[in-house]
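Down below is the structure, laid out as structure tokens.
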Amino acid sequence: MGPFPMSRHHCLHLLTFVCLLYHSYQGNVSQNNPLLLYSTTKDIRLVNSTARGSSYKSKPIIIVRNYSYIAAIDYHFENKKIFWVDHEQETIFSIDYDGVAAKNKVEIVNGVFTPDGLACDWFTNKIYWTDSETNRIEVATSEGKHRKVLFWTDIDQPRAIAVVPMKGYMFWTDWGESPKIERAGMNGDPATRRVIVTENIFWPNGLTIDYQTQSIYWVDGKMKFIDKMDYDGRNRVRVLEKGFEYPFALTKFQSKLFWTDWKTMAIHYFDMEGTQRLPSELLISQHPMCIHVWDERRQPKLPHPCEIDNGGCSHLCLLAPSPPGFTCACPIGIKLTSDNKTCAHGPQELLLLARRTEICLIYLDSPDYSYRVLPLSDVKYSIAVDFDPVENFIYWSDDEVKKIQKARLNGSDQQDVISTEIQDPDGIAVDWISRNIYWTDTGTDRIEVARLQGGYRRVIIGDELIDPRGIAVAAELGWLFWSDWNEVHPKVERSNLDGSERVQIVTERLGWPNGITLDLNNFKIYWCDAKSDKIEYANLDGSHRRELINDNVPHVFGFSLMGDYLYWTDWQRRAIDRAHKETGSSREVIVDQMENVMGLKAIRLGSISGSNPCKENNGNCSQLCLYRHNKTRVCACQIDYELTKDKQSCVKPEAFLLYTRKDTIGRISIKNENNEMTIPITGIKQASSIDFDTNTMRIYWSDSKLRTIMRAFINGSDPQRVIDLGLASPEGIAVDWLGLNIYWTDPVAHRIEVSRLVGSSRRTLLWDEAYEPHSIVLDPAAGYMYWSEWGTTNSIKKAAMDGTNQVKLVSTVKPATGLTLDYDRKRLYWAEKDTSAIISIDLDGNDLKYVVKDKIFEPVGLTLYKEYVYWSDNKTGEIARANKIDGSEYQAIHNISEGVTDLLVYHYLKQKQTNQCATSNGGCSHLCLALPAESPGGHVRYTCACPTHYTLQNNECHPPSHYMIYSLRNLVVRLVPDTLDCPEAVLPIQGLKAVKAIDFDSKSNFLYWIDGKSRSIKRSEASGQSLNIVVQSNQNISPFDLAVDTIGRLLFWTCALTDVINVTRLDNTNPFGSLERKDGEKPRLIAIHATKRLIFYTDVGVTPQLVRTRLDGSHRIVITRAADIAAIAVDTENDLIVWAQEHSIYISNIDGENQHVLLNESNSKIIQLTVHSGWLYWIDKELHQLQRLELISGKSRSTLVIQASHILDLISVKKPENHSCNLPHQRKCSHFCILNGTVPHCACPNGKMLQEDKRNCQILPDCGSDRFTCSVAGGDTKDCIPIAWRCDGQKDCADGSDELDCPKCMPSQFRCQDGQCIDKENYCDGYEHCTDKSDEKNCCENGFQCPQTEVCHPMSLVCDGNENCADGSDEKDCNAALTSKKSVTHTVILSVVGVVFVFAMFSVVFLRRRFLPREDITDQSEDSLSPMHPNASKNPKFRKGIPDVVRMSMLNDSGCPSTFDRRHVTGASSSSNTNGSSIGCYPRETLNPPPSPATTAASTRGSSPSSRYRPYRHYRSINQPPPPTPCSTDICDESDYNYPSRGRYDAGPFPPPPTPRSHCHQESCPPSPSSRSSTYFSPLPPPPSPVASPRGGYDS
């Protein structure tokens, strides 16, 4: 904080303090009222202890201010120092205070998590503190040096602490699950530890010592008393047990006790020798915390054994209760040497631990196994850790920052070792002898090596790795070991340190092998298996396999060995354990309940041993020296370099040979013989051809087996797919290094295509003329491309680079391969299959020469460099060269084992020419294609080109507006029938699998499809971007077909499991609802007439048919009844519907009229239909053809020349049109917009109804099965009407929906309530003929049936004066019957009334005598829970005689309750259910006090990286005590002169009960150490690496 300036405020403090001193020491009375040093959560204050009622009343002065959470304080009076702890900053501070000014604030101890108690040893200048998070008691010097843990076991929640240096004792309270007070020696000797109080104790808070009487005073915050006892806990006496609210800290001076109270927010005192019986209030303070008497008499000074020469101790001299009265101790992690006085120079045995966002040191030399977090930056997801004992550097890998880094043991000198081309480095191993580092990368599936300084990087294992994880180096033996936890083929492997002699040593009975470690003394390898929950070991060759531990190792990850012990981390137990390496015994938990434990390394400092030939001078290698087990070393070079002939020096070659061979791409030195290296690229199946681009240092190759075109950097990193859709068999490829394009041939698809180097702007150049194009070569500087054709047209051709002006140069005898170009001499070279020669012509096809004819058998892969032509001979396995002019100077430069498919010289001189496309892409927006000069000697021209089907306008490419799209199983293709371009263009949409149906939203340019494999609906932009899921898969759905409504922005889709038509919004993919389904209906195929707002679908249910409805499912019309409809399509221009049945195509208008056969062929089977630009297109499955004809005329039938055998769906796409349902600035419908004629109206899906605004939908009321739900909620009308009103010829709903879709029954038929028609003779015949059974519901055997509604009434209601039938027919012709019955009726009525009156009077008398005399009767009218309370229940009472059928005209605003009021119809009660609130349970008595008074204490602790929540802190955020003031601690005025009001809480504090450690509550159960998979509740594989990000492209 520093010295305070002598300001006006400072002078005020000085004067105040002088007054405090004056009043403290004037006479005997003042000497009994010393100064009190106390803290609030924000500051530290000093106040006179003079009673409030005395003549003088002082105000406190603030010594330290502006802190966030001061929990405990103490002082050293002689040294004039005040100490305090701050929870938020997790720090112990000190400041000098001379009675006038506070200065020289120092942070003396960092990394104290929750220090609740603090005590100063004024004898030896030490500070002791308790930490309720780590549950430790620690000590350090008053300067913060030599920190040491004294006690760490059997401590739950330590709080107050006090020391008695004259006796060598310390005392502390523990308010954990077993509350207690303990005593121990100040030296931390476990033999001196003793529990002195365990009974009649609950929340032991404050603790203070009377050194004169050797007594302990302590206060219990829950039981509210102050007790006194001696140092042994005996002679316990109750001092005070009244006048407390929530006492916290306690101090004593002479006969007075002072304490803080959280609840009263005050300091209280009690004079044990006075006359007062209750404590008094000294002052009110904001959040009072700790308190001490500031007086030198509280710290008497006596001689002690540590005062001379620190007791002879090198570091800590700690007082002890037994002779000689002290012991020497060492800081955390350092051992005491044999003289018991001197500490070692530093830690000797350590555990290095990766904890995701931290790297920690765990000190094995300390019995408490303390740990320290290294002060590092840029640690986000550390996984593996290792150590270099030579330079004492820690190395660790980080999967999030994508680096391997290093730092010293104190965290200094942090550096990046590997920071590029690294994805998920899950394992690292240091070869401290050869000075190399090895690592596994599960993202690239490689094992790599580099120098420890980070240079000279090389891949040593690049194939047959899937999930490599653990790695270990046997530097003296020349071996490397690693684990691969792939679920299909888990294994442990071994190789030499250069990757040679690779062998699998363990392959059986493995699950998830994670960490591995080596015992080189005994030649053993150990590994841990997180799936089988075992630790095993074997010899270094995998023999003599043994199981070491199989108990309580649920998910072992990190693994290390040191001396006789194995150490490991366990994700699930969140622990670090160790056990003996030979027996598995002596098992010990090193650290428990520590989240995010990853890799670890056990090290012994100063222990360096071992040697190999690489140790001295790097084995004379210029870059990497790699030791082999056969006691030889090999020099190796980083990628892009090669060894010279001395096999030691590395040089970067000017040129080298690239070759492809099955699943391998490699490089061969031209100058240095037998210098071959495989480029580490995984996933190659059948590399056919290769080329390169020196601009980006990338190689490109075609893979005919994967049917892809790939690229990667020349070192093999960052492999990417350039083209992987719509390729049948890619063969030759060629890079246009000036236009930054790539060309390729596909002989199976009969095409030559071009795209940008990243795969965009794909265009088909030749498709009809090119028959079987194979090898291809480019001359961008001249604007030509050359290619060979096979088959019946064996030849070599050339054309402009846009595919125009084809010229046949020469006919070849056999198929030509290995086409290559001599740019200097302007000649073409090639070889022919089964021909032992290399042939050459000039670029016009003239001057044919056989260049090489001798010593050549099966040449493939020709290439040129300088004066030589190079080739591979598949018969001899040689890579050879000869003079390119005459074939002389033949030389075999390399032998290769398997057949090479292509060969190419990589050199920079090849790509040094230029043309106009090399500058800003020629100004083209997409493709810039070079063209030959118009005349010899002229300038090379160029043309801007667009992707297939795009048109070029004003130098910009515009997409097509009308086209078709067809889908294959894993591919979608745009089809434009009548175009000068290739009619087909593949849409670059990834992730297509088992496509069942497609549709397209032309407004947003999104394709929608049903994924049959996952049973979900997905979408993607046509460009291939923004792939996402529209309808998630689950076991309850199986999408069958879909249709897009571009106008209403809706997606309709049918489900084969639920048999409904579902609707989803296009713009936010939210579920929308479904259409109402008729009983027995099963919708399948679906099509939309968007402009008419109609939907057509096939029904494969009880009555197979083709149905048309409006988009909301209303106005249902059956177009046709047929069981074998295979496809449907709508002609929106001519309002026609077309459908296919077996070998016939039918057509009608959209109302189902004018049906006729459009096509009928017995040998056809039509499976798909679409209408496009006036043409009907269909797929004929039998003929494997796509055919078409003019829809209106039925003529001009033709077959399109495309491969149609695997087409699954076919749609037409056109630009969206303006429509009255989506006009701008008009109010939109919340759900459906349909047309009523030509006027748009809003409608709702099934289960919803329109509100009064006629635009928004609301959920339907629960009308029940016997009511009909109207589609629109009217103002005075009801949502629910009797089912009998449905289809009765009268509109009872406000919108008339009760009369919609009503079938017309014949006069001889009876209409069921659901609209079904049956013969009248079947009505009331005792058998149910209606589906809803309504034909037998109202049969009047002994009653009266209303003629109009057919409702049956009892005969007693006929002629009763009330019209019970809607037409009043029950009251017609009643005069005659009424006269004859009147006398009889009157007699019966009078008799019944008399009997009822007598019974009622008797009941009244009986009840009055039975209940009224009781005096304890409760007036239920005031009991809100009473069923008799007026508000308890208001069930409607219905008048007798209200007819069962009431017309809307009869419902008025009179006071009579309506029979069909909404509450009655829906069955909802108007009363509230109070059962839940009437049963109350008070919480159980809490067990422990809160550690702090502020509710905000822990809420901000997680914001800083230094804040580390551990499972110990299970009382903080979870359970907070009540705040000491009603106001927020952030806004209350804490000034010296504005004391808070005397507000009090009525309820006592309810702090949290301590949770057993076995229980998980929030922080005590941290998340899984892996962000990608949790292994705590399901045994998922354990990859800690983040999911690999999608491949990125490099724009060219």
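Quick reminder: no glycine exception, Cβ is built from N, Cα and C everywhere.
Curation plays no part in TrEMBL annotations; they are all automatic predictions.
The annotation compositional bias 'Low complexity' is assigned in TrEMBL to 1466-1478 (among others).
TrEMBL lists 1494-1509 (among others) with the feature compositional bias 'Low complexity'.
According to TrEMBL, the feature disulfide bond maps to Cys1287-Cys1302 (among others).
Here TrEMBL flags Cys1305-Cys1317 (among others) as disulfide bond.
Taken from TrEMBL, the feature disulfide bond covers Cys1312-Cys1330 (among others). Cβ neighbour count for Cys1312 (disulfide bond) (all protein chains, 10 Å cutoff from its Cβ): 21.
The Cβ of Cys1339 (disulfide bond) has Tyr1323, Cys1324, Cys1352 as same-chain neighbours under 8 Å, each 6 or more residues away in sequence. The disulfide bond annotation in TrEMBL covers Cys1324-Cys1339 (among others).
Of all Cβ atoms in the shown protein chains, 14 besides its own fall within 10 Å of the Cβ of Cys1374 (disulfide bond). The disulfide bond annotation in TrEMBL covers Cys1359-Cys1374 (among others).
If you look up TrEMBL, you'll see 305-344 (among others) marked as domain 'EGF-like'. Averaged over the domain 'EGF-like' (305-344), the predicted model has a pLDDT of 94.
Feature annotation from TrEMBL assigns domain 'EGF-like' to 613-651 (among others). Broken down with DSSP, the domain 'EGF-like' (613-651) shows 4 helix, 12 strand, 23 coil.
The feature domain 'EGF-like' is assigned by TrEMBL to 916-958 (among others). Across the range of the domain 'EGF-like' (916-958), the DSSP-based residue counts are 7 helix, 16 strand, 20 coil.
Secondary structure of the domain 'EGF-like' (1220-1258) per DSSP, as helix, strand and coil residue counts: 0 helix, 15 strand, 24 coil. Taken from TrEMBL, the feature domain 'EGF-like' applies to 1220-1258 (among others).
Residues or ranges marked as region 'Disordered' in TrEMBL: 1419-1440 (among others).
Taken from TrEMBL, the feature region 'Disordered' covers 1457-1596 (among others).
For the repeat 'LDL-receptor class B' (80-124), residue counts in helix, strand and coil come to 0 helix, 29 strand, 16 coil, using DSSP. The repeat 'LDL-receptor class B' feature in TrEMBL is assigned to 80-124 (among others).
The repeat 'LDL-receptor class B' annotation in TrEMBL covers 125-167 (among others). Sequence-distant contacts of the repeat 'LDL-receptor class B' (125-167) (same chain, six or more residues past either end, CB-CB distance under 8 Å): 72, 74, 76, 79, 81, 83, 85, 92, 94, 106-109, 112-119, 173-178, 184, 186-188, 190, 193, 204-209, 211, 214, 216, 218, 231, 249-250, 300, 302, 304, 315-316, 318-319, 321, 329-332, 366, 368, 370, 1488, 1491, 1510, 1512-1513, 1515, 1554.
Positions annotated as repeat 'LDL-receptor class B' by TrEMBL: 168-213 (among others).
Ranked by Cα separation from Cys1374 (disulfide bond), the disulfide-bonded residues Cys1287, Cys1317, Cys1330 are led by Cys1287. Sequence-distant contacts (6 or more apart, same chain, Cβ under 8 Å) of Cys1305 (disulfide bond) comprise Arg1311, Cys1317. If you compare Cα positions, Cys1359 (disulfide bond) sits closest to Cys1287 out of the disulfide-bonded residues Cys1287, Cys1302, Cys1330.
Contact between the repeat 'LDL-receptor class B' (523-565) and the repeat 'LDL-receptor class B' (697-739) is absent: fewer than three CB pairs lie under 8 Å, with pairs separated by 6 or more positions in sequence. Sequence-distant contacts of the repeat 'LDL-receptor class B' (783-825) (same chain, six or more residues past either end, CB-CB distance under 8 Å): 732, 734, 736, 739, 743, 745, 747, 752, 754, 765-766, 769-777, 831-835, 840-841, 843-845, 848, 859-864, 869, 871, 884, 902-903, 910, 913, 915, 929-933, 940-943, 945. Sequence-distant contacts of the repeat 'LDL-receptor class B' (478-522), counting only residues of its own chain at least 6 positions beyond either end whose CB sits under 8 Å from a CB of the stretch, comprise 427, 429, 431, 434, 436, 438, 440, 447, 449, 460-461, 465-472, 528-532, 537-538, 540-542, 545, 556-561, 566, 568, 581, 599, 612, 626-631, 634, 636, 1581-1583. Each residue in the repeat 'LDL-receptor class B' (435-477) gets a DSSP state, and the totals come to 0 helix, 23 strand, 20 coil. Through the fold, the repeat 'LDL-receptor class B' (392-434) approaches residues 350, 352, 354, 359, 361, 374-386, 440-444, 450, 452-454, 457, 468-473, 475-476, 480, 482-483, 497, 599, 605, 608, 610-612, 614-615, 618-619, 625-627, 713, 715, 717-718, 1583-1586, 1588 of its own chain, all at least 6 residues removed from its boundaries and within a Cβ separation under 8 Å.
In this structure, the CA atom of Cys1287 (disulfide bond) is 15 Å away from the CA atom of Cys1330 (disulfide bond). Taking DSSP states H, G and I as helix and E and B as strand, the repeat 'LDL-receptor class B' (697-739) has 0 helix, 20 strand, 23 coil. Of the recorded residues, Cys1312 (disulfide bond) and Cys1302 (disulfide bond) place their C-alpha atoms 11 Å from one another. Fewest Cβ neighbours within 10 Å among the disulfide-bonded residues Cys1287, Cys1317: that distinction goes to Cys1317. Cα separation, Cys1330 (disulfide bond) to Cys1302 (disulfide bond), rounded: 15 Å.
Counting residues of the repeat 'LDL-receptor class B' (826-868) by DSSP class, helix then strand then coil, yields 0 helix, 23 strand, 20 coil.
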